[in-house]
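As recorded in TrEMBL, the features of this protein are as follows:
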type: REGION; residues: 1-159; note: region 'Disordered'
type: COMPBIAS; residues: 7-22; note: compositional bias 'Basic residues'
type: COMPBIAS; residues: 24-36; note: compositional bias 'Basic and acidic residues'
type: COMPBIAS; residues: 37-81; note: compositional bias 'Acidic residues'
type: COMPBIAS; residues: 98-108; note: compositional bias 'Low complexity'
type: COMPBIAS; residues: 113-126; note: compositional bias 'Basic and acidic residues'
type: COMPBIAS; residues: 139-159; note: compositional bias 'Basic and acidic residues'
type: TRANSMEM; residues: 249-272; note: transmembrane segment
type: DOMAIN; residues: 257-546; note: domain 'SAM-dependent MTase RsmB/NOP-type'
type: BINDING; residues: 349, 350, 351, 352, 353, 354, 355, 373, 400, 419; note: S-adenosyl-L-methionine binding site
type: ACT_SITE; residues: 476; note: active site, nucleophile
type: COMPBIAS; residues: 550-565; note: compositional bias 'Polar residues'
type: REGION; residues: 550-670; note: region 'Disordered'
type: COMPBIAS; residues: 566-585; note: compositional bias 'Basic and acidic residues'
type: COMPBIAS; residues: 586-599; note: compositional bias 'Basic residues'
type: COMPBIAS; residues: 616-625; note: compositional bias 'Basic and acidic residues'
type: COMPBIAS; residues: 640-653; note: compositional bias 'Basic and acidic residues'
C-alpha cells in the first residue's frame with residue numbers, strides 16, 4: 001500500500017517539487033530525525049534496503065501519530081521525503097557545488113569592484129595629466145604661433161575695414177610677449193618692433209592719434225597702459241560737494257524777559273542757524289531717490305552719486321545752493337591751497353566757479369578773493385554760481401592772467417590758485433576729441449603759456465605774508481612738459497621751493513623722464529590717474545615763496561644777477577624818468593665834445609697835464625684786456641620797467657582823484 005502511494009505520488013508530483021523541498025529546508029533550520037537515520041544508514045546499505053527501512057520508519061511514525069485524520073497527507077509527505085532522500089545525494093552535491101561557487105562568486109564580486117574603482121581612478125588621473133599637458137602644449141603653440149604681421153599683411157589690412165576682433169587679439173598677444181619678452185619673443189624681432197606695432201593697433205582700435213598714443217606708451221608700462229586706456233573708456237563717478245555757506249535750518253525762539261527794577265517786560269527773539277552738513281544733505285537727497293555715499297576719508301564735504309531717479313542738477317537743493325556738482329579731482333587743488341580766514345586769495349582761472357566757491361567756503365566768506373577769468377563768455381556762469389552758492393567775499397575780474405601783477409600789484413596777496421589752461425589729456429572721458437585733436441605743437445603752446453602764468457602767480461604772492469606765501473599749480477593734463485617741466489622752470493626763475501601738498505594719496509611726480517632731469521623736490525608733487533584713483537587725470541604742485549627776489553637770465557659774461565622786486569611806493573615818478581632820459585641823451589655827445597671833456601679831465605689842479613694811469617691802477621678784465629679801475633667799477637644803471645612806470649601813473653591818477661574829491665566834500669560839509 002505504501003508502495004502504491006509512493007508510485008502515485010511520484011506520478012502526480014511534477015519536477016518543480018525540488019523548490020518546495022528547498023523552501024521547507026530553509027524554514028526548518030534544525031535537522032530532523034529522518035535525516036539522521038538516513039545519514040547513518042546510507043553509508044553501508046543499498047538503495048533498496050534504505051527504502052525498506054525508511055518505509056518501516058514512516059509506518060511507525062504514522063502509528064504513533066495522534067492525528068489519524070491526516071494520515072493520507074502524512075503518507076504523501078513521507079513519500080516525497082523518501083524521493084528527495086533517494087535523490088538527495090545528487091542534490092546535496094549540487095548544493096555543495098552551488099555553495100562553493102556562490103562563496104567564490106561573492107569574493108570575486110568584491111575583487112571586481114575594487115579593480116573597477118582602481119581603474120576609474122587611474123583613468124581620471126590620466127585624463128587630468130592629459131589635460132594639463134594639452135594646456136601647456138596650447139600655451140607653447142600660441143607663443144610659437146604668434147608672429148608680427150608683415151608689411152604686405154598690414155597694407156592689406158589698411159585697404160579693408162578694420163577687424164576689431166583681430167586687433168584685440170593681437171594687442172593681447174603683444175602685451176603678453178612684452179611682459180615676458182625674453183622667453184616669448186620671436187627670433188629676429190626687437191622690442192621696438194613689438195612696441196611700434198602696439199602703437200598702431202592701439203591707435204586704430206581706440207581711436208588715438210600717433211602722437212598721443214606714443215607719449216602714453218613712453219610714460220607707462222605696457223600692462224598699466226592698457227588699464228589706463230580702458231579706464232578712459234569708462235565714465236567717472238558723479239560727485240557733489242556740500243556747501244557749508246548755505247543755511248539749511250533757521251528757527252527762532254521768543255524769550256519773555258521781566259525786569260524787576262523797572263517793572264517792565266521785554267520780548268527778545270533769538271535766532272539759531274545751522275550750516276549745511278553732508279549727512280543732512282545725504283538724507284534729504286536719499287528721500288528724493290538719489291543713491292549716494294561719502295566720497296572718501298580725505299574729504300569731509302564730498303558725496304559720490306551712484307544712481308538718481310531725479311536730475312541731480314535740477315533739485316530744489318541744487319537750485320538753492322546747498323551743493324555743487326564737482327569732480328573729485330577738483331577738490332584737490334583747493335585742499336592743497338588750504339586758504340585761511342581773512343586772507344587775500346587770487347584764483348587766476350576761476351570759471352565756472354567750483355574751486356572759487358570751495359575757497360570761499362573754507363574762508364567762511366571772510367577776507368577777499370579775486371576770481372579772474374580771461375574769457376568774457378564764461379563770466380556769466382561764474383557770477384551765477386557765486387550768487388547761487390552764497391559767496392559774498394569775491395570780486396570777479398576779466399583780465400589776462402599774465403597782466404594780473406600789473407593790476408593787483410606785485411607781492412600783494414597771500415595765496416594764489418592757478419588751475420592753468422592745458423591740453424586736457426587727463427579728461428579724455430569727458431572730451432574724447434582729445435584723442436585726435438592734440439599734437440606736439442599744442443602741448444608746447446600750452447606749456448609756454450603755463451610758464452608765463454606761474455611766474456605771474458609767484459610775483460603776486462608776498463613772501464613776507466604771516467599766514468600765506470603759497471602758490472598751488474594744477475592741471476588736468478598728464479603731459480610732463482605741462483606739469484613737471486613748468487615747476488622746474490619756476491624753480492630756476494624765482495626764489496621758491498616745492499613743499500608737500502598735504503594730500504595723503506596720489507603718485508609722486510617725475511624726477512627723471514626719458515632724457516629730462518628735474519629737481520629732486522618734485523617728488524612732493526602729486527599725480528592722479530583714472531585707473532588708480534578712479535578720478536580724472538590730474539597734477540597738483542604746491543610752492544612756497546621764500547623771498548621777493550627774481551632770478552634773471554644768465555648774462556653774456558656768464559654771471560647771474562638777482563633783482564629785488566620793487567613795491568609801488570618805490571617806483572620813480574614820470575618826472576624823474578624824464579630827467580634820467582635827458583641825462584642819457586647828454587652823454588651821447590659828438591666825438592669833439594668827448595675829446596674836450598677828456599682834456600679837461602686830464603688837467604690837474606695846477607694846470608699840468610697828468611700822466612696816464614700806470615698798470616697798478618688798472619684792472620684786467622676777464623677777456624685779458626686792460627681796463628681802468630674807474631671804468632671797471634662802473635655798473636649799468638637800472639631804469640624802471642614799463643610795468644613800474646604804469647603803476648606809478650595809476651598811483652598818480654588815484655592821488656589826483658582823491659584831491660578832487662576833497663573840495664567837494666568840504667563844500668557839502670559847509
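Any Cβ shown, glycine's included, is placed from N, Cα and C.
TrEMBL feature annotations superimposed on the structure.
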residue: 349; record: S-adenosyl-L-methionine binding site; CB count, 10 Å: 20
residue: 351; record: S-adenosyl-L-methionine binding site; CB count, 10 Å: 23
residue: 353; record: S-adenosyl-L-methionine binding site; CB count, 10 Å: 27
residue: 355; record: S-adenosyl-L-methionine binding site; CB count, 10 Å: 24
residue: 400; record: S-adenosyl-L-methionine binding site; CB count, 10 Å: 14
residue: 476; record: active site, nucleophile; CB count, 10 Å: 24
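Residue 400 (S-adenosyl-L-methionine binding site) sits 20 Å from residue 476 (active site, nucleophile), taking the Cα positions as reference. The binding residues for S-adenosyl-L-methionine are recorded as 349, 350, 351, 352, 353, 354, 355, 373, 400, 419; their greatest pairwise CA distance is 20 Å. Between the alpha carbons (Cα) of residue 351 (S-adenosyl-L-methionine binding site) and the residue listed as 'active site, nucleophile' lies a span of roughly 15 Å. Cα-Cα distance from residue 355 (S-adenosyl-L-methionine binding site) to residue 476 (active site, nucleophile): 14 Å (rounded to the nearest whole number).
Between the alpha carbons (Cα) of the residue listed as 'active site, nucleophile' and residue 349 (S-adenosyl-L-methionine binding site) lies a span of roughly 13 Å. Here the compositional bias 'Basic and acidic residues' (640-653) is broken down by DSSP into helix, strand and coil counts: 12 helix, 0 strand, 2 coil.
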